[in-house]
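J.: Sharing a structure, written as structure tokens. Questions coming.
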Amino acid sequence: MVAPNAPQPTPPRVALVCLALLALPGPLGALAAQVAPPGAEYAGLMHHGVNLSAIMTIFAPVSERIANEQCRQDSHVFLAELHKFTLWATQMFDASVKFPTGVLYGSTYDFGNFDECMQVQSQRNDINGKYCLARIRIFPGAASSAAASTSVPDMATLTATSVAPPTSTTPVLLDTLHNESAWRKIERIAEDPSKLRRDEVHWAFCIPSSCEAEDLTVHLEDALSVYTEQYGFSVQVNVEGDMCTINKGFNLTIGDIITLSVIFLFASIVSMCTGYDLLRQFRTFKWIELKSDVGHNVVISFSAVANIRKLLAHKKSPDGLDCIHGLKLISVFLIIMGHRLMFNLGSPLVNTEFIEGFYGRIDAMILLNGPIVVDTFFTISGFLVCYLLLQEFNRRNGKLSFIALYIHRYVRLTPVYMVVLGFYATVLAKIGSGPLWQRKVGVEVERCVASWWANILYINNYVNTDQLCMFQSWYITCDFHLFIISPPIIWLLWKKPRWGEISLAFVTVISVLVAFFVTYWGKLDALLLLYMKTLSDPIANNTFREMYIPTHTRASPYFIGMAAGYLRYLIKKNDTKMPKIGVWLGWVVALVLIEGTIFSAWVFYLPGREYNALLNAIYGAFHRITWSVGTSWLILAISTGNGAFMEPILTWRPIVPLSRLTYCAFLAHGGLQLYSVASSGNPFYGSVYNLVWFTCGDIVVSFLAALALSLMFESPILSLEKIFLKREGAKEQTGSSSDSSCCASEVTVDIVEQATASQCSANMARNWRQTNASGSAKP
């Protein structure tokens, strides 16, 4: 109730009283009775003998130990205005956390109201709101620790002495759990790598903008010291600079201007060239068509209409390789889902304890062993490079420039990659805000500024790995390295098959041994364990840097794919037919290998499992082999007509254009997901439904962004390469419909090399002869 001599509360005061009451059941209520002596400066609002104004004092850095005089002055002004219920001061108080709930369930983040804090502005006092997220670590005192250790016997002992089945709860166990100390649970969780600490909470405070992170740290240490002394425990307060945010507005740097200018320039060129392409279709505007074939083709290279036509074109592969479109698309969908899972689990959660329960479930390995899907792309890439290059060597009688292949590969991958890197390093930091924006996006931008050059040189998985820009970019680098290695081996397979087979077998064995010894000697995990602590920043994890991203530890699936491509080449060359019993046996073995690889990871998530270096090394070296062998059989069986019901699914025509956008979608999706988690004003609620829901949105937005990247940068630059490098069979064919059906696979830079000049140039030559014979060609 209000003190007798106090004026009757007005409606705004009633609202403020309700806000202040939120703190009463917690430690802040107890603290308030002690912090403010009778007659304190802001004492005026009382409730059951508790000075509510003293509670409010906790949210303003007024400690005498604060050296920042301006901060203390503004904080006193804030408290004085809050006592008057001034709007801006009430909003500042309202935006701060009062007391979190669900800490024992793992909800250790309370974000307050970020947007409300950013809107706080007092023009008269020149005070703006600054949002800070404080990390408070709680250490139990000796009495609490003793009570925790004696209140409940060891859980392993309880389980061992219980005669009841493991699935039941005995009365003794039930009574013990009901009387367990909360500190015991907190300490037990702190020792489990699969769980998040409960003794570390994160509270949001909205304070005057003149205060710095260290000012809030000092103030909270002093404010909480009274409470910790009374109840016999200690706290450690840490407020880092990147966890404080003020409303700075939108200030463009030189880098931002350059990036936006490049995007605007290409968008303008595409718009004008598309208009040219559309207008020239009408007889009235036929006069605008350029007389120079080269000039005309250059303009058409930037036409969105022409590039969409190429994107949608489809011609059935005579070798049955259309199934790869479906495999690539499904794999990139799963990768987007896996990265969404990683981003969400690495961010604050409301129901952490529910998520922690998944780590001991074998069915959860479908999600937790999701990173294995990346090896599908390595396998597909190795398969296509080997199979198509063997045919190219046949067509050219072995005369093929490896240097030209490498240059073409670099040109295909790099331009659009550079655009996305530039966006990461500049504009990305300016397009959003949120409680974790600086911690998530700010760190990513700093890494890109420091290491963008390593990405462009394709050495970022070996250089500055602790500053990796675009966490998914390691795959592109690995694939580029393996592409460089493959042509000499493939040439040997074509020229001297015996030596080629020995070489391929040798590099495959070496890749397996390297993965084994790197894991064994480094005492690394067999796979990237998707614990929430790891996913908050995977780049800081040793297994990620030393085992997950280096080329020498990821090469084996690529070489297995090359072996499958070589086998497919021999099947076609010798017109071999697989026996039915062999097909059935192959499918059984492949399914066992694929499912076994997924669910066997459960062993490494078992709670209480002791680390075994040999077991981890064996699994780390061979689980990628088993997965890629199963995937290789999938491609072989379907491409030879033994895919049963899977063939029409994977070769469905609408899949084809989407599969051509997978590289751009792969580049774009990470930034979109990063924006999502960094700008969220609330912790996430983890569930399978929400994961699927977020993933569907990620897929739609990622492919829309991929379409824009493809039409503005990727497809035009590829067409320009054909014109100016005068690739055989492609000269002066960029803008014609005669090449769109056969070379649509080259319209977009895919994650894997989808085609080489062999098939396209041959088909182009045939189409060129046909159009010459008919005396006309469609524009």
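Note: Cβ is positioned from N, Cα and C throughout, glycine not excepted.
Unlike curated records, TrEMBL annotations are generated automatically.
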J.: Would you please say which range out of 31-52, 75-96, 625-646 has the annotation transmembrane segment in TrEMBL?
T.: 625-646
J.: Does the transmembrane segment (583-605) make contact with the transmembrane segment (366-390) through 3 or more Cβ pairs under 8 Å, each pair 6 or more apart in sequence?
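T.: These two stretches do touch.
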J.: Summarise the model's confidence over the domain 'Nose resistant-to-fluoxetine protein N-terminal' (68-236) as a mean pLDDT value.
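T.: Across the residues of the domain 'Nose resistant-to-fluoxetine protein N-terminal' (68-236) the model's pLDDT averages 79 on the 0 to 100 scale.
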J.: Using a Cβ cut-off of under 8 Å, list the residues of the same chain at least 6 residues beyond the transmembrane segment (658-678) that approach it.
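T.: Contacts with the transmembrane segment (658-678): 311, 324-326, 328-329, 332, 335-336, 339-340, 343-344, 346-347, 413, 416-417, 420, 423-424, 428, 431-432, 434, 436-437, 439-441, 444, 470-472, 475, 684, 694, 698-699, 701-703, 705-707, 709-710, 714, 744-745, 747-751, 754.
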J.: Rank 257-279, 326-346, 555-571 by Cβ pairs under 8 Å to the transmembrane segment (474-494) and hand me the top one.
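T.: Looking only at 257-279, 326-346, 555-571, the most contacts with the transmembrane segment (474-494) come from 555-571.
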J.: Which residues of the same chain, at least 6 past either end of the transmembrane segment (555-571), have a Cβ under 8 Å from a Cβ in it?
T.: 319, 375, 378-388, 390-391, 478-479, 482, 485-486, 489-490, 493, 500-501, 504, 507-508, 511-512, 514-515, 578, 621, 624-625, 627-629, 631-633, 635-636, 639-640
J.: Do the transmembrane segment (257-279) and the transmembrane segment (690-713) come together with 3 or more C-beta pairs under 8 Å, pairs six or more apart in sequence?
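T.: Answer yes, regions in contact.
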J.: Can you name the far-off residues of the same chain, 6+ from the ends of the transmembrane segment (690-713), with a Cβ under 8 Å from a Cβ of it?
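T.: Sequence-distant neighbours of the transmembrane segment (690-713): 263, 266-267, 270, 304, 307-308, 311, 333, 336-337, 340-341, 344, 367, 415-416, 419-420, 658, 660-665, 667-669, 672-673, 676, 684, 747-748.
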